[in-house]
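Single-structure report; data block below.
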Amino acid sequence: MLYQSETLQLHWLENGIAELVFDAPGSVNKLDTQTVANLGEALVVLEKQSELKGLLLRSAKAAFIVGADITEFLSLFNEPPEKLHQWLVFANDIFNRLEDLPVPTIAAINGYALGGGCECILATDFRVASPEARIGLPETKLGIMPGFGGSVRLPRLLGADSALEIIAAGKDIIAKDALKVGLVDAVVAPEKLVDAALSILNQAIDGKLDWQAARRPKLEPLKLNPTEAAMCFTIAKGMVMQVAGKHYPAPLTAVKTIEAAAKFGRAEALILETNSFVPLAGSNEARALVGIFLNDQYVKGQAKKLSKGVSAPKQAAVLGAGIMGGGIAYQSALKGVPVIMKDINDKSLTLGMNEAAKLLNKQLERGKIDGLKMANILATIQPTLDYAGIERAQVIVEAVVENPKVKAAVLAEVETLIGEETVLASNTSTIPIDQLAKSLKRPENFCGMHFFNPVHRMPLVEIIRGTKTSDKTIAAVVAYATQMGKTPIVVNDCPGFFVNRVLFPYLAGFGMLVRDGADFRQIDKVMEKQFGWPMGPAYLLDVVGIDTAHHAQAVMAVGFPERMNKDYRDAVDVMFDNQRFGQKNGQGFYRYTQDTKGKPRKENDEQVDALLAQVSQPLQKFSDDDIIARTMIPMINEVVRCLEEGIIASPAEGDMALVYGLGFPPFHGGVFRYLDTIGSANYVEMAQRYTHLGALYQVPPGLRAKAEHNESYYPVAAALLDVSISQPA
């Protein structure tokens, strides 16, 4: 053994070849600060070996290196910029020394080589991968860019176009595609990976392969003539702005950095990369996006804990077909859980089966499944007008019309036909679970399972715990949601649960703005372009369905009369009374026609202004800040109340429910991250200016207390014990 640390070992093979093996204590290898320092120490040892002829890098895990340790990111980003800069210079010196070894080097890549893992293999002369390997640089998805030389080496290895596509989009690619673009030199079966790598290395040692020629382009300026460069980078910048927009600066920064570095060799190009990385790391967007990654890990970890030792059901059932029931049945069947789909109406069953078939057809068109698999999946959805076979289901999801009497009757009826262990769940969006549980003899077996529309696209499932719901029931439903490929978040019961409870105050803020003379089009524009929502409130109401929203608004008003009841007609009432239900009937706040692909196309409708004049002040211009404050303060206050009342268990779960369930702008990170970013004291001071608008604008006491003590919702990232920047002699 030449060198050994907790995460890597260095030892001799035959023929003067040394092997560097990444083997961290956990299930995966990460390129954390300690491993980077250890790599530097191993290289010091290697540099002293006069008999060294070649170096092989490999992993002892199922994946090569999954990336940097993202749990360290917020701590690193909290370091003073000059210290982070210093550490990056230190780290890059290590990768340069790997690249500059006076012998040929090769990486044998199995599984993932992402982020820092990809940057590590870019520093070797040759790369060989197994077929399941995935290689890429996902940093821009976290609000940063490659920091270990990825933006320097990848363009010089692949050419600018292919490299920009990977870096700007934060992509990873499979082994065969990596071979096509020149990212790897060979793809071989996993059991032959090391032998193939050694064969290439020995050919290089024997002079049959020119390893110095393989290395040289990575050290030199990018080979692009001025015309090619202008075209390549102009197109890339245009596409990035179109896709990422102004709220996500990392992709454009990466493209501009690669462009600026194109005329330089490695040393100067790395300086530009580091100079671009440090400001991105200190940005609010990076903190928010890294926070989302960490929160996602936390939420998935909570789901694992809650469903520990519990398997997903072998058979499920959905009561109520149509679009929603069909969507749930499709998702269940697609992920391997056969499902009975029951409805009293043959037309609804046809609609549900057609929905499942349509979604499977899309999978077929994209090459995700073949015709046989499609037929097999569809065969696991059993449509029925009666309860035949219902006793086989371990979990039954009720998805009938959003009417408490109808839901209660259906649940009570099915309970008489099933075993004492069978779990019942309601896909209600607003009706309290405790209210529905009154119709059941076994309320401990009952909970809410709120899917979001469209089911196949929306990652969140709200699992609602009623007063009498057992832990066993929650475990079964969480396991089912996880098997379906969803992110389950458990919330406690109240009208609207969490997501809809906090959505309707936002829509109420919109309604009050329109009442006071704001143009709904301006509100939509500001909330989309400035705040970053995927759609503004008027457009959202049209997509959800104004009849659906009108009904839910009434339920919320009964549930929270002190805040959500209103004594005036608003824009939603006017739309509803005039049967303008949104996209579903082609007219709402906007008019909808079909585009060439059959999708609804939004257009202005002048009739709407005349209708809204019944309930609005004369049109007047509001500032962007006013529009954002008047819509967001009610939502933010309600989100905080949900935490204070124990409806949600943590800021992380609240923020992920908002991002996954409502499309809350990821670059803000969720309401709690947003509050931490602007500061609770600043928020309270701003909200004070709007308290005259009513109860929705009153800041909850817990948030006032945080403001007084200058506290945050997320813990401040602890400083890393030792970010080593000294190289042993």
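Just so you know, glycine gets a Cβ as well, placed from its N, Cα and C.
Bear in mind that the values here come from a model prediction, so they are computed numbers and not experimental data.
Per Swiss-Prot, the features are as follows:
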type: REGION; residues: 1-189; note: region 'Enoyl-CoA hydratase/isomerase'
type: SITE; residues: E119; note: site 'Important for catalytic activity'
type: SITE; residues: E139; note: site 'Important for catalytic activity'
type: REGION; residues: 311-729; note: region '3-hydroxyacyl-CoA dehydrogenase'
type: BINDING; residues: M324, D343, V400, V401, E402, K407, S429, N453; note: NAD(+) binding site
type: ACT_SITE; residues: H450; note: active site, for 3-hydroxyacyl-CoA dehydrogenase activity
Alpha-carbon distance [the residue listed as 'active site, for 3-hydroxyacyl-CoA dehydrogenase activity'; M324 (NAD(+) binding site)] in Å: 11
H450 (active site, for 3-hydroxyacyl-CoA dehydrogenase activity) in three-state DSSP notation: strand
Shortest C-alpha distance to V401 (NAD(+) binding site) - which of the recorded positions E119, E139, H450: H450
Secondary structure of E402 (NAD(+) binding site) (DSSP, helix/strand/coil): coil
DSSP state at E139 (site 'Important for catalytic activity'), helix/strand/coil: helix
E139 (site 'Important for catalytic activity') and E402 (NAD(+) binding site), distance between Cα atoms, whole Å: 43
Binding-site residues compared (S429, N453) - highest count of Cβ atoms within 10 Å: S429
List of residues, in chain order, with Cβ under 8 A from that of E139 (site 'Important for catalytic activity') and at least 6 apart: G115, M145, P146, G147, G150, I167, G170, A250, A254
Pairwise C-alpha maximum, in angstrom, for the residues (M324, D343, V400, V401, E402, K407, S429, N453) that bind NAD(+) according to the record: 19
